[in-house]
């Protein structure tokens, strides 16, 4: 049994921090020491920020975004095009698209992808809610912004199928060479897709 | 100006998490989303653990360790050899040595190393406290377990000098090949030290 070198409160904090993505046991220890050393600048404000998020955070009942208001800031933003819904797997994808500034539309977070191996079926995702929203006559287009993985594409096909009877256009993200990417490092599938979808110069 | 996609409480949490060592802005966002998704399993316990550490953590007035008691669990452990003080730069080094289980002694955390370039002088470190402790007749040896860096070794020399008039033995960690290390990847200084300090097989 290792000897006791610090209090159980500190051990507990290390254990919990180690469960955050990007932190392992070693970096959780370093983070804990940093917190203790920077008590006023870091530990106290972080505790307060976490408590505030704990007390105020909500999942938007319309789109699935994370916010302190329900409906969220995106759903209630009057400057966004209400005729386009961008479907994403996860809130992190919504945030990534917003950072790109590429689209000014509403979103719909599926909350995952279909994955029979992991036991994730259509009822585990927010697909019925999407169909309801897409049935609104104001909606003209649904952009499927799911990951270019096998599960993501399977999910895209399934969602497209569920939307078939509605008078909405269903589109998906283009495949191609990432901006700044080097051909030598790309896989054959991406290169083939980029050639097929080539555009006039 | 980027559009508002989430509440200020969540943005604030992302900013604070990004200041932890090992987390950048991107991983802080991922960590925040994980916290929000795992509200009961992660967000609530982590908030509580941080608040408890904030309310209970102390720096040991004797050795400088971080604990919820003062003197700390190491200083008050009656099973440790009171005649040896292991001098380390930082609490993380104390924890690392304890994990190794290599020594059962008391510690003394200097709180850094002498670094004229960074404006760190002897008075910024806990050196006077170490000299006081080493003057106790019960103390027979001081092990300087500082990092094998230029600043660490400078600090070791300075501390040795301050302890010169006391009847204590001052030792330092051995230099050599790390266990599991490959010679081809080691620097010349380490190899030369390992040859010099070779031991009979």
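Note: Cβ is positioned from N, Cα and C throughout, glycine not excepted.
Just so you know, TrEMBL annotations never went through curation; they're auto-generated.
Annotated features in TrEMBL:
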ZN_FING   B:60-75  zinc finger
DOMAIN    B:83-178  domain 'Toprim'
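Remote same-chain partners of the zinc finger (B:60-75), defined as residues 6 or more beyond its termini with a Cβ less than 8 Å from a stretch Cβ, comprise 91, 94, 98, 106-111, 126, 129, 133. Secondary structure by DSSP for the zinc finger (B:60-75): 0 helix, 2 strand, 14 coil.
Break the domain 'Toprim' (B:83-178) down by DSSP state and the numbers are 37 helix, 21 strand, 38 coil. Mean pLDDT for the domain 'Toprim' (B:83-178) in this predicted model: 93.
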